[in-house]
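Read the structure below first, then the notes.
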Amino acid sequence: MVLDPVKGTVFLCLTGLGTVGNSLVFVSYMHMFQSTEQKPIHLILAHLAFTNIIMLFSKGIRRTIGAFNFDNFLNDTSCKVVVYLARVSRGLSICTSSLLTVVQAITISPRHSMCQRLKLKTPQHILSSLLCLWILNSLISMNLLSYVENVNRVNITQFREDGDFCYFLPESWITRWIFLTLMVLRDAVFQGALGGGSGYMVFLLHKHHQHVLYLQNSKLLYRTPPELRAAQSVILLMMCFIFFYWVECFISLFFTLTIENYSTVLDVPEFLTIGYAVLSPFILIHRDGHLIKCCHTQ
């Protein structure tokens, strides 16, 4: 009971901080996208910020209210929507981060390389890709709408003590394994693309670094293109994503196998889940000079 207000305060601070940061990033990139500096990557970054906001609201606020032991304000439909949005936003975070990495890797690739043929040149191409990601993640999470109910309907007090208002009903092993397989395949494919795009960008940045050293030794003036600076920011963002994703996976697996009824410890994966959503906008604000100007203007 002593730790519950502490958990609630931490969740509240992280959710508020992340929401403010992502809102600034979303508004700034949408403003930049509509201006003369229009770039497809701005739309992807705005979508990533929007996805982070959904995740913070669906996970952070629910955990905050549960930690402070407020009355259950969620009915059966609200439980389904909140849990469903949390699952969809987590999948969208993975897919959007992967799309961002691939698009940025194609952007900085040599002009005559094969990668340039895959370049998404218009906003319509980006919007179509994001729409496909929404459809994919919405379908993969469809089973939650049938297997999530309000705790009051199933009359289980243990979940109220854990600070959660939504209960997962038992589902058939066939349904469980089908959707679990789909989620694993989605994560494997998009993280593979993320890793490949990041590795390719590291390779290109290394070649660029060698070129800069040659020009410096030749005493020639050289200025780093903005695309390469953006690539460095994307790599930093992806390192942050990979850290939070895999640490959460390992800790969740460890707790599942070793711990059953220690709710305070079991909240650690929840902190890690929203960690990327909280930290990523401030990485972008710190790295992107145009974004800083937009934030000051707003």
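Cβ coordinates come from backbone N, Cα and C, glycine included.
TrEMBL has this to say about the protein:
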type	residues	note
DOMAIN	21-284	domain 'G-protein coupled receptors family 1 profile'
TRANSMEM	6-29	transmembrane segment
TRANSMEM	41-61	transmembrane segment
TRANSMEM	126-145	transmembrane segment
TRANSMEM	177-205	transmembrane segment
TRANSMEM	234-256	transmembrane segment
TRANSMEM	268-285	transmembrane segment
Contact set, same chain, for the transmembrane segment (234-256): CB under 8 Å, 6 or more residues outside the stretch: 93-94, 97, 100-101, 104, 191, 194, 198, 201-202, 205, 265-266, 268-269, 272-273, 275-276, 279-280, 283-284, 287
Region pair the transmembrane segment (6-29) / the transmembrane segment (177-205), three or more CB pairs under 8 Å: no
Closest-packing stretch to the transmembrane segment (177-205), where packing means Cβ pairs under 8 Å, from 41-61, 126-145, 268-285: 126-145
Segment confidence, the domain 'G-protein coupled receptors family 1 profile' (21-284), expressed as mean pLDDT: 79
